[in-house]
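Undergrad: First, the structure itself, so that you have it in front of you.
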Amino acid sequence: MKIFAILGASASGKSALGLRLAKELECFILSLDSLSIYQEINIASAKPSKEELLSIRHFGIDLLTPNEPSNAALFAHLFEEALEASNQAGKKALLLVGGTGFFLKRIIEGLSPAPTLDPSAKEWLKEVLENRREAFKELEKIDPLYTSRITPSDLHRLRRGWEIYLGSGLSPSLFFETHPPKPLGHDLKIYELTLERELLRQRITERTEQMLESGLIDEVCQLESRYTREPQAMKSIGIAETLAYLDGEISKEELTPLISTHTAQLAKRQTTFNKTQFTSIRHLEAPRLFEEICHTITKS
């Protein structure tokens, strides 16, 4: 089975291209998006529509509530799940589509397997993490090297450190040393969907306007009411600026250009990351990218 990763900046059209390819190749899609994995964050994430999700099986969408943590390990697990489902269904290809190249990098490099916790340990840890500063101090006594690389507010890594210690009896640093990551054992072709800069900026602005017309402000109000502003997802582009508007820090007229500017800055960082991290990546416009992937499947 062939595995293709299609990366691209926000608003580049990668999701639409991925859907078109998935329909053509009759394959599944693993979404590599840090927001689409959350339920209820529909407008801010610009996730595929309900109809599109029904037409093509997706992995990595609507799995978590906004107050649950997401991390690279979860996407590595989702990749294995999508790969197994594709093999069982006799698919010829699997598409990985999204803007978060960091998740793809972790899938390729592999992750150290995290030990499992029994229910009582999970409950104990949940209570401990209610006071992150104290949880950090206690973990610091166990592994000062590990905690020197994180902060008390880094809930994802703080939780992972405790899970490793409780599940294995080893300090996180020693666990990582004795349980090295297992690299991806599958052939993977990586593409980046390219667009002329001014066209991308125009699309970003248009998408931002569409998000606001579709009810972004109401969505953010509901999310804040249910989950507060504490979860990491609530600090994402689109949500953070809307909260600033609700606080009276910016006007409604300033909201669209501010979200657009931050999205464009993110797009630039995404492109830079992809160029530096994936040496074999191919940069193609949509028609050529579509044609090349289809040709690869046809000749196999």
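Using N, Cα and C of the backbone, Cβ positions are placed for all residues, glycine too.
Predicted, not measured: the structure shown is a model, and the values here were computed from it.
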Undergrad: Could you tell me which of the ranges 33-36, 277-280, 285-288 is annotated in Swiss-Prot as region 'Interaction with substrate tRNA'?
TA: 33-36
Undergrad: Given Ala11 (ATP binding site) and Thr100 (site 'Interaction with substrate tRNA'), what distance in Å do their CA atoms have, once rounded to a whole number?
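TA: Cα-Cα distance, Ala11 (ATP binding site) to Thr100 (site 'Interaction with substrate tRNA'): 13 Å.
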Undergrad: In angstrom units, rounded to an integer, how far apart are the Cα atoms of Thr100 (site 'Interaction with substrate tRNA') and Ser10 (ATP binding site)?
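TA: Taking the Cα atoms only, Thr100 (site 'Interaction with substrate tRNA') lies 10 Å from Ser10 (ATP binding site).
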Undergrad: Just give the helix, strand and coil counts over the region 'Interaction with substrate tRNA' (33-36), going by DSSP.
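TA: When I sort the residues of the region 'Interaction with substrate tRNA' (33-36) into the three classes, I find 0 helix, 0 strand, 4 coil.
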Undergrad: Give me the sequence-ordered set of same-chain residues, not including Ser10, Ala11, Ser12, Gly13, Lys14, Ser15, with a C-beta within 8 angstroms of the centroid of the substrate site's C-beta atoms.
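TA: Other same-chain residues with Cβ inside the cutoff are Gly8, Ala9, Ala16, Gly99, Leu193, Arg203.
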Undergrad: Just to confirm my parser: what is the rounded mean pLDDT across the region 'Interaction with substrate tRNA' (33-36)?
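TA: That stretch averages a pLDDT of 96.
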